[in-house]
Amino acid sequence: MPAMRGLLAPQNTFLDTIATRFDGTHSNFVLGNAQVAGLFPVVYCSDGFCDLTGFSRAEVMQRGCACSFLYGPDTSELVRQQIRKALDEHKEFKAELILYRKSGLPFWCLLDVIPIKNEKGEVALFLVSHKDISETKNRGGPDNWKERGGGRRRYGRAGSKGFNANRRRSRAVLYHLSGHLQKQPKGKHKLNKGVFGEKPNLPEYKVAAIRKSPFILLHCGALRATWDGFILLATLYVAVTVPYSVCVSTAREPSAARGPPSVCDLAVEVLFILDIVLNFRTTFVSKSGQVVFAPKSICLHYVTTWFLLDVIAALPFDLLHAFKVNVYVGAHLLKTVRLLRLLRLLPRLDRYSQYSAVVLTLLMAVFALLAHWVACVWFYIGQQEIENSESELPEIGWLQELARRLETPYYLVSRSPDGGNSSGQSENCSSSGGGSEANGTGLELLGGPSLRSAYITSLYFALSSLTSVGFGNVSANTDTEKIFSICTMLIGALMHAVVFGNVTAIIQRMYARRFLYHSRTRDLRDYIRIHRIPKPLKQRMLEYFQATWAVNNGIDTTELLQSLPDELRADIAMHLHKEVLQLPLFEAASRGCLRALSLALRPAFCTPGEYLIHQGDALQALYFVCSGSMEVLKGGTVLAILGKGDLIGCELPQREQVVKANADVKGLTYCVLQCLQLAGLHESLALYPEFAPRFSRGLRGELSYNLGAGGVSAEVDTSSLSGDNTLMSTLEEKETDGEQGHTISPAPADEPSSPLLSPGCTSSSSAAKLLSPRRTAPRPRLGGRGRPSRAGVLKPEAGPSAHPRTLDGLQLPPMPWNVPPDLSPRVVDGIEDGCGSDQHKFSFRVGQSGPECSSSPSPGTESGLLTVPLVPSEARNTDTLDKLRQAVTELSEQVLQMREGLQSLRQAVQLILVPQGEGQCPRVSGEGPCPATASGLLQPLRVDTGASSYCLQPPAGSVLSGTWPHPRPGHPPPLMAPWPWGPPASQSSPWPRATALWTSTSDSEPPGSGDLCSEPSTPASPPPPEEGARTGTPAPVSQAEATSTGEPPPGSGGRALPWDPHSLEMVLIGCHGPGSVQWTQEEGTGV
């Protein structure tokens, strides 16, 4: 398995630090969120606190960290206020008070509130520790329970206040002195810290940076990699020179001293000594995959692993010889121990084994090194055969055979007294070291091949034996040589398979797991390179892959267990997930139920900074934290901190329900989790229904944090849409580009009906509500359901006639006060700014009076009324309620602006429509003078529809309360002001019964298309449509046409309607019929 780099991602180890540092007396603590002012909810609760108070973790979470649920009648009110003040001011506080367990038993508690800051220096958490000091208080007698809190007033006696206060003060002093005396054996330095007021360092709630000394080397850093390269070269040098110097040495006497060492030998020994020093300052990877930076742990780990081997390999034989210390050949053989350093190179070289060229190079180097060792041994065997031969001149060894072929035979000479020889052939291998004594006869063996020829011949034999069976030119003759040749051939067969057969099945089986790791790593790197993944995301991907590989070693357990039978697979799953199945939540489950649940459990892994669950995600599993710590966030606020043994998720929903997460869950450290899939959980509970109620009840108490609170989407209830008076709720969405989300569909051109009914039609109640600007509408109901249409509008299932449709949003531009008002009425509906033909506007047309329009059309798509989009099912959540409140507020502001604009418009019209005296009124054809004061009255009403303009035409002969003169002979009747202001049409038809027409001046509309009466029969002809449209002068209508409709004469009685000054609509006067309304004059205006 390749050496891992270790997990170097920065982690938030706050929870682990608290658990290890605050043990013993400080293990009973809770953590409160200091960012939620006023409540300071508990985000973590230790097991010791639960054991002390009797409350479970689920009962303590999200309560106030002041732990007011532990208060009782004897709890001091003053201490309560001081605790609250310390929390509000983010200050440290310590006090003694009486608290009560869940069972009701009181106990004395030493409470300590410690604020904890984050990386920004802000107080993020409160550490509230609780220490039970009841035993200390009980030593003073039973009256000590009554000295504080409510008992102080309950049992106090008059005149004893000073005595009780002194006694309490003395006991407090004794208690603190006893505490200091107990701490004295721990060391004087701690006492000095207490005297000078130095406080213990508290951990901060932040991502812990990698803190290491500058003298600590990272095992995978560039500096350490460079140093390892030098050590690799030195080790290879030792692997080559040590066997050669031991086997090819020509020293014959044990007392002979070695020659001076070379510079390379001295440099290698210095490097080995320095490597020992650096190994004491180099990080390592622990069994859990974490990188250890502590110097003490590093030293302990090195001493127990490679220290002894490195010390033996670094014995300075050459340095001792350099300092004139006599080192013999026997001691020099200990240098062969340095070859064991090659074992240390294997893990370091294994990280490069994923590259084929590197693997081939390393294998060839190993093969050549092995051949060098075999050659050295083969040379040593041949020389020993010559020295130990019984004859004076042995001739059966491979060295004698080589000497005869090279014509450099061996010969014997007598040893001289000074140890020299008379031949002087120092270049031969037998004479280079001074020769050797033959059989102890005083003769010395000299001659033979040179040392270079002998080594090359040995290396040739070694390679031929390792790669094949040899060629026979260099063969084994003696028994010793034959035995070594056999061993060499066996080693050669194995090495041949390893080196030259690495693509075969044997090599693949040997490196199957390694190849799988490298192939997946290579695929991952190729994917990153092809898709140009950014560097931070690339690092996260590699970290996650390496961390998960370290956990499961690349084994796909799901695929592996699929081939096993269900019975065996269930037993294996119960063994793997026994930590989760031993929770109290599953105590009542039968063995069969546990086996079914174990098959639904899946392992999961989360790295630091990774989000396990995002807010709004559909919850699909329950998660049990096996190791590590996580935090629950919502809008950057920490809601809970989860550690080992915590269960997160939601309450058991129905199968059809989808639960959305109400917060984010992020890993602080490397976390190993077990997730229970909700789908598998439902299937298991369906098989064992007797366990389902117990599991549902127990799950509420076991959840450390409920992620599904308020996140269940309810089913649709369409029965709420059946009422006639039910209005659909609308939601105004704010678009960033400023475009309207919904528009109003116009009425089709071939429809006889329109949103504004003709005078002959009877308005329905729903249409009247839509037409009145100040209608009183019921409060819209949330959660309306319907079928969505393609236009983004939900059609109610109860039918189109059941619900009137309104605008999606109403927006009014502000009206400036310093410019003349536009007296032409406009329909302000929030979409009037669009002037293209694709924008839908209101269509005001007067339909044909008659029985065919006696009833108003139902509000729907065909009638052209406004469409109300239905709110989707998620409108019941909190976000939708906030948006709806905002939309209602904005709509109210726009309605107020519209009311102010209408009042200004009404005042301006009242100033224009004042009573006029007798005067000449111009004809429609434009002949004759016209008073300037009448120009404003002659302007027709214009309604902007985006397509064509419409003008209002009064009937001929109608007068305005007798103020206008009667028509003279030969002249057309004068034009009257056709519009006063009256009550809204919500109490009656939209327009009184009159013969006025809405006629279009557009060229595209044929003449008379919008008229209800025939063409005028008087000699005076109206101006052409183009002139009328340009000048804005309405066409005249004859008296005959006015009376041909069968309308009663003006002045007939009618019912009066209530006046609404805030709701103004345009109506026609002067042509009252029997069924029309008799309008009353307003005092002071003549209208």
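Using N, Cα and C of the backbone, Cβ positions are placed for all residues, glycine too.
The membrane topology recorded in Swiss-Prot places Leu223 on the same side as Val358. Per Swiss-Prot, the N-linked glycosylation site annotation among the candidates Asn439, Asn473 falls on Asn439. For the topological domain 'Extracellular' (478-482), the DSSP-based tally of helix, strand and coil residues reads 4 helix, 0 strand, 1 coil. Among residues of the same chain six or more beyond the topological domain 'Extracellular' (478-482), those with a C-beta under 8 A of the stretch's C-beta atoms are 378, 381-382, 384-385, 396-398.
Predicted-model confidence for the topological domain 'Cytoplasmic' (1-228) is 70, expressed as mean pLDDT. Remark: the transmembrane segment (362-382) makes no contact with the transmembrane segment (260-280), by the rule of 3 or more CB pairs under 8 A. In the three-state DSSP reading, Leu585 (nucleoside 3',5'-cyclic phosphate binding site) counts as helix. Taking every recorded stretch in 260-280, 303-323, 332-352, 483-503 and counting its Cβ pairs under 8 Å to the transmembrane segment (229-249), the highest total belongs to 332-352. Taking every protein chain shown into account, Gln615, Cys675, Glu690 are the binding-site residues, and of these the Cβ with the most other Cβ atoms within 10 Å belongs to Cys675. Neighbour counts were taken at the CB atom with a 10 A radius for the binding-site residues Ala600, Met630; the maximum falls on Met630.
The secondary structure of Gly645 (nucleoside 3',5'-cyclic phosphate binding site), as reduced to three states from DSSP, is coil rather than helix or strand. Neighbour count (other Cβ atoms within 10 Å of the Cβ, all protein chains): 14 for Gly645 (nucleoside 3',5'-cyclic phosphate binding site).
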